[in-house]
Amino acid sequence: MHPAGPAAAAISRLWWVLLVGATLIFGFVMALIALAWRRPAGTGDERRFVIGLGLAFPLTVLAALLAYALVLGERLLPRPGPDVVTVRAEASQWIWRFGYPDAEGRATENVLHIPAATPVDVEITTTDVVHSFWVPRLAGKLDAVPGHVNVLRIETDGPGEFAGLGSEYNGPGYAGHRFTVIAHAPEDWAAFLAGDLP
Amino acid sequence: MTVPGESAPSTAPSTDAAPMTALRRHRALTRIWASDPGWKGWFTTVNHTDLGRMFLSVAVFFFVVGGILAMLIRAQLASPRSAFVGPDVYNQLFTMHGTLMMFLFAIPLFEGFAVYLLPKLLGTRDLAFPRLTAYGFWCYVFGGSMLIFSMLAGIAPDSGWFMYPPLSSTLGSPGINSDFWLIGITFVEISAIAAAVEITVTILRYRAPGMRLSQMPIFAWYALVTAVMILTGFPPLILGSILLELERAFGLPFFQVADGGDALLWQHLFWLFGHPEVYIIFLPAAGAISTIIPVMARTRLMGYGWIVAAAVSLGVLSFGLWVHHMFTTGIPHMGLAFFSAASTLVAVPTAVQIFAWIGTMWRGRPELHLPMLWILGFFATFVIGGLTGVMVAVVPFDWQVHDTYFIVAHLHYVLIGGFVFPMLGALYYWMPHFIGRKSYFKIGPTAFWLVFAGFHGTFLLLHWAGLLGMRRRIDTYESGQGWEAINILASVSSFVMAIGFALVLVDIVVNAVVSVRGSRNPWGAGTLEWAMPTPAAAYNFASLPVVTSRDPLYDDPELPARIARGEGYLGDPVRGRRETLSLDISTGRPAYIVVYPGNTAMPMAMAAVTGLFFLGLLVKAYWLVPLAALGVAGFALNWVRALGARREEGALPAGQGLSLPTASEVPDPPGWWGSLFLLLADGTLFGSLLFGYAFLFTIAPNWPPPAWAEPGAGVALAALGGAALVGAGRLTRGGAGAVVTLAGLVALALACLLMLRHAPDPTAHAYDATLWVLTGYALFHLSVAALMAGALFARRRAGIVSARIGGEGRILDLWAGYAALVTLIGLAVTAAPGVLG
């Protein structure tokens with residue numbers, strides 16, 4: 001994982017927390033099993049195993065984890081703000097079309113232009129089957145469901161190009177269902193909206 | 001076929017000729033219980049031991065086929081830009097791999113274990129409905145054959161095992177491929193529902209005399225929870241499949257957004273099934289683990305009560321977390337938070353079981369036999385799968401890894417680690433029982449290490465590929481993304497794993513064929529299945545032992561000999577027919593004698609005609625469909641005809657000085673209990689339909705419909721009058737009751753037909769489609785109940801005891817009452833918007 005935006009960075013941090021925690025728990029359980037062979041028979045205490053390890057231990061760990069995840073998830077949601085830019089993403093078998101409310105009439109295929117380091121809301125829809133919009137290095141994914149409009153918040157740390165993927169299986173052209181996200185510096189974004197950039 | 005109530009055949013043993021030794025008893029019982037000799041026996045057997053072995057063998061066959069598909073998938077993905085297969089073939093490969101492994105391997109393997117083991121663990125002679133076992137088995141074989149045929153013909157389903165519309169509907173898949181899935185899987189699910197009804201009734205009512213629920217072997221508890229979950233988890237999928245097939249075949253727009261449908265409805269219905277499914281697969285394996293670990297550790301299970309509570313709460317919780325498969329569909333975040341909490345919460349009962357098992361090992365002195373090796377493999381694998389499961393239950397993390405190889409790796413850790421490994425442990429544990437032989441050739445451990453190493457080599461690093469952005473279900477990928485090394489390692493390891501599985505098969509076959517006879521109870525276990533000679537006799541127990549503890553063989557090592565000497569119930573086969581005892585649910589007191597039907601090819605023939613029904617739908621030969629339906633109804637009548645006697649027998653000696661009536665002379669015969677649990681599944685299907693209606697009503701974009709149906713007062717009058725008559729039929733004794741009930745059912749059917757006259761074209765809007773389906777559902781149940789009322793009336797006139805005494809009347813009451821209820825609800829909810837608005 002090479003996060004290139006705040007949302008992806010937060011998820012990446014979450015992953016490392018999860019990985020370390022999971023490794024510790026796994027090691028602990030394996031050690032307990034190995035000890036069963038080393039200890040004399042008759043040492044297992046039911047209360048300690050079932051209530052202590054079976055109930056109390058996971059409840060504590062999970063409560064902490066859920067609280068962390070809920071706070072994080074809330075931060076990743078699209079909240080209204082003064083400088084939020086909105087773009088439209090319309091998926092079809094097997095093409096992505098993008099529209100720009102800030103410059104009606106501008107439309108691009110398989111390339112999404114956004115301003116860099118600015119929160120961008122992507123309104124995701126589909127013309128046919130279920131698709132999913134995903135830019136791995138920027139944020140999680142969100143589905144394009146017929147008849148519904150789903151809004152995903154993405155944001156980059158700076159200008160650059162990022163690979164985007166259709167990530168819900170959608171038939172024979174699935175592997176090639178990709179797009180590119182180009183994040184522009186402010187002056188380039190203005191030029192794009194004005195129609196000066198291709 | 002042995003028709004109960006007729007005089008005993010001439011071969012019946014007589015008690016006065018010679019004293020009944022154990023050997024004579026064995027011969028007499030074998031004559032009564034044995035399946036037909038030779039190849040014919042395969043098709044006419046209704047014996048659970050035979051059918052259990054047949055289920056297991058066919059399930060293993062499908063595992064091999066699914067495994068070959070997996071190898072083809074790994075061959076394709078071994079290198080970037082592979083030209084091995086194109087996307088069209090690849091999409092069929094992964095769709096069929098998932099479909100076969102889930103529906104044709106995992107569930108039937110559980111059914112096979114349960115069918116074979118439960119009567120033996122519980123101390124009875126067969127399952128509750130032997131012919132139903134056979135019918136379910138043949139439905140499974142025929143339905144599975146349809147899917148295999150589609151694969152060989154190159155027209156297999158290719159929309160993923162989850163079949164999301166619109167991709168799986170006519171828009172994305174105009175060919176016949178999806179129909180094979182929808183129709184074939186629904187056909188196969190008959191076997192799951194049949195087995196679940198059977199398992200539930202068997203556990204509740206067919207045990208060794210005296211065995212209380214709290215004294216059941218732990219596996220029976222797990223099987224009970226699993227069976228009830230199948231009854232409540234599968235109906236949403238069956239409903240979804242019916243609705244999607246109606247959309248594909250006749251244009252009823254349930255999932256088409258333009259006409260008031262919603263693609264998300266399918267996802268809800270599918271995962272409402274799909275998540276419980278995961279626990280339906282895991283729980284039987286956990287049951288096997290709970291059985292095997294104490295024996296391998298030479299002690300008793302720690303925390304029996306806690307484990308039962310954990311299994312039950314897993315079952316309940318698993319219905320509250322289907323949405324975690326839909327975190328990326330745009331459901332509001334607080335809704336997701338609820339399902340995220342529920343999803344992580346299932347880790348708690350899982351942890352209770354895992355630590356109870358480890359505690360059991362601490363308490364005892366574990367020995368490293370082959371079954372234990374597989375269970376250690378389970379621990380190492382499943383704990384990782386559980387931990388990654390907690391990770392993906394965390395919403396923001398799931399947003400990132402959803403539909404990537406992280407999920408692929410996670411689910412294989414859970415399913416192979418949590419199901420295949422323990423089930424192989426179970427296979428080795430019960431192998432001496434299945435084949436009555438010692439394990440002789442020692443390739444088992446080699447096979448284990450190949451599978452174990454191959455598995456982790458395949459899937460551990462695929463987690464990482466998912467984090468690097470490798471999506472599931474892509475048929476090919478470009479080089480330079482850092483995935484090449486992981487994928488080639490995974491492919492090579494997967495072939496190592498396949499060789500390991502092949503060795504397991506070789507090991508089993510070789511041992512089954514050439515090994516020497518083994519001793520009874522080689523592991524020194526305490527449960528009843530080891531209290532019989534192996535391989536098991538057709539009748540299981542020469543007499544039914546009184547059981548008052550969880551490990552009867554530990555209390556009384558002489559028990560097998562006492563059973564063989566006939567020192568239990570029903571030890572004297574004087575009546576020359578297949579008999580066992582049914583008990584009071586909680587106390588385990590014997591309640592009545594059950595008389596089973598004998599060998600018959602009818603279940604297979606009925607499954608074949610059922611197959612014609614589905615085949616007619618599949619190839620759109622619609623003339624065949626009503627004919628086959630009539631055929632199934634004819635078989636059903638014939639099925640019932642074989643039950644019940646013409647003369648009353650009164651209380652019969654059941655051994656040990658106890659006298660009991662037979663099932664045909666009691667008010668709650670097995671058929672009543674079977675109907676009750678079948679209606680539980682049926683009611684869940686109806687509930688799912690109402691959920692779908694409410695979901696479309698509130699969530700789908702293009703509502704309200706152009707027009708609501710506005711039925712006249714005639715519909716209400718006919719419906720209420722009919723329901724009143726059905727109610728009166730319950731209270732009316734004697735033959736008149738069936739006639740009154742029948743009149744009520746006809747009036748209700750009239751109400752439905754009047755409703756349909758007011759209804760618009762079902763293809764116009766999802767509302768109209770729902771109205772037609774709800775009304776059709778009501779009409780179907782009214783017809784079934786009417787057929788039963790007619791049959792009951794005829795049987796009364798023919799003087800069949802069970803029809804006269806009341807057991808059959810109460811079965812009719814159940815079905816007629818249910819039909820009246822769903823008709824009233826269906827009509828009310830579809831008419832309400834038009835009438836009120």
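Here, residue 1 is simply the first one shown, and the rest follow in order.
Cβ coordinates are placed from backbone N, Cα and C, and glycine is handled just like the others.
Model, not experiment: these values are computed from the prediction.
According to TrEMBL, the feature domain 'Cytochrome oxidase subunit I profile' maps to B:33-548.
Per TrEMBL, the feature transmembrane segment maps to B:54-73 (among others). Through the fold, the transmembrane segment (B:54-73) approaches residues 42, 84-85, 90, 93-94, 96-97, 100-101, 104-105, 108-109, 111-113, 115-116, 137, 140-141, 144, 148, 494-495, 498, 501, 505 of its own chain, all at least 6 residues removed from its boundaries and within a Cβ separation under 8 Å.
Under 8 Å from some Cβ of the transmembrane segment (B:93-117) lie the Cβ atoms of residues 48-49, 51-56, 58-60, 62-63, 65-66, 69-70, 72-73, 76, 85, 127, 133, 136, 140, 144, 147, 151, 156-162, 181, 185, 188-189, 191-192, 195, 198-199, 219, 223, 226-227, 230, 277, 280-281, 284, 288, 415, 419, 423, 426, 430, 434, 473, 529, all in the same chain and six or more residues away from its ends. Per TrEMBL, transmembrane segment is recorded for B:93-117 (among others).
Within the chain, the transmembrane segment (B:180-206) has long-range Cβ neighbours (under 8 A, six or more residues past its boundaries) at 95, 99, 103-104, 107-108, 111, 114-115, 118-119, 122, 124, 127-129, 132-133, 135-137, 139-140, 142-144, 146-147, 150, 155-157, 159, 163, 168, 216, 220, 223-224, 226-228, 230-231, 234, 237-238, 241-242, 244-245, 248, 580-583, 585, 591, 594, 610-611, 614, 617-618, 670, 673-674, 677-678, 681. The transmembrane segment annotation in TrEMBL covers B:180-206 (among others).
Annotated transmembrane segment per TrEMBL: B:278-297 (among others), in sequence order.
Counting only same-chain residues 6+ beyond the ends of the transmembrane segment (B:304-324), those with a CB under 8 A from a CB of the stretch are 214, 218, 221-222, 225-226, 228-229, 232-233, 268, 271-272, 274-276, 278-279, 282-283, 286-287, 290, 331, 335-336, 339-340, 342-343, 345-346, 349-350, 352-353, 356, 392-393, 398, 550. The transmembrane segment annotation in TrEMBL covers B:304-324 (among others).
According to TrEMBL, the transmembrane segment annotation covers B:336-358 (among others).
The transmembrane segment annotation in TrEMBL covers B:407-431 (among others). Outside the transmembrane segment (B:407-431) by six or more residues, the chain places 101, 106, 109, 113, 117, 278, 281-282, 284-286, 288-289, 291-292, 295, 370-375, 377-378, 380-382, 384-386, 388-389, 391-392, 401, 437, 439, 444, 455, 458-460, 462-463, 466, 472, 504, 508, 511, 523, 529 with a CB less than 8 A from a CB of the stretch.
The annotation transmembrane segment is assigned in TrEMBL to B:485-510 (among others). Using a Cβ-Cβ cut-off under 8 Å and counting only residues 6 or more beyond its ends in the same chain, the transmembrane segment (B:485-510) has close neighbours at 60, 63-64, 67, 70-71, 74-75, 77-80, 424, 427, 431, 441, 443-444, 446-459, 461-462, 464-465.
Beyond the ends of the transmembrane segment (B:621-640), by six or more residues, the same chain brings 131, 602, 605-606, 609-610, 612-613, 615, 787, 791, 795 to within a C-beta distance below 8 angstroms of the stretch. Feature annotation from TrEMBL assigns transmembrane segment to B:621-640 (among others).
Outside the transmembrane segment (B:676-700), and at least 6 residues removed from its termini, the chain residues within Cβ reach (under 8 Å) are 193, 196-197, 200-201, 228, 231-232, 234-236, 238-240, 243, 254, 257, 260-262, 264-265, 268-269, 272, 766-767, 770, 773-774, 777, 781, 814-815, 818, 822, 825, 829. Residues or ranges marked as transmembrane segment in TrEMBL: B:676-700 (among others).
Same-chain residues lying 6 or more positions outside the transmembrane segment (B:738-759) and placing a CB less than 8 Å from one of its CB atoms are 709-712, 714-716, 718-719, 721-730, 732, 768, 771-772, 775, 778-779, 782-783, 785-786, 789-790, 792-793, 796, 809, 812-813, 816, 819-820, 823, 827, 830-831. Among the features that TrEMBL reports, transmembrane segment is placed at B:738-759 (among others).
The transmembrane segment annotation in TrEMBL covers B:815-836 (among others).
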Given the model, what does the mean pLDDT over the domain 'Cytochrome oxidase subunit I profile' (B:33-548) come out as?
94
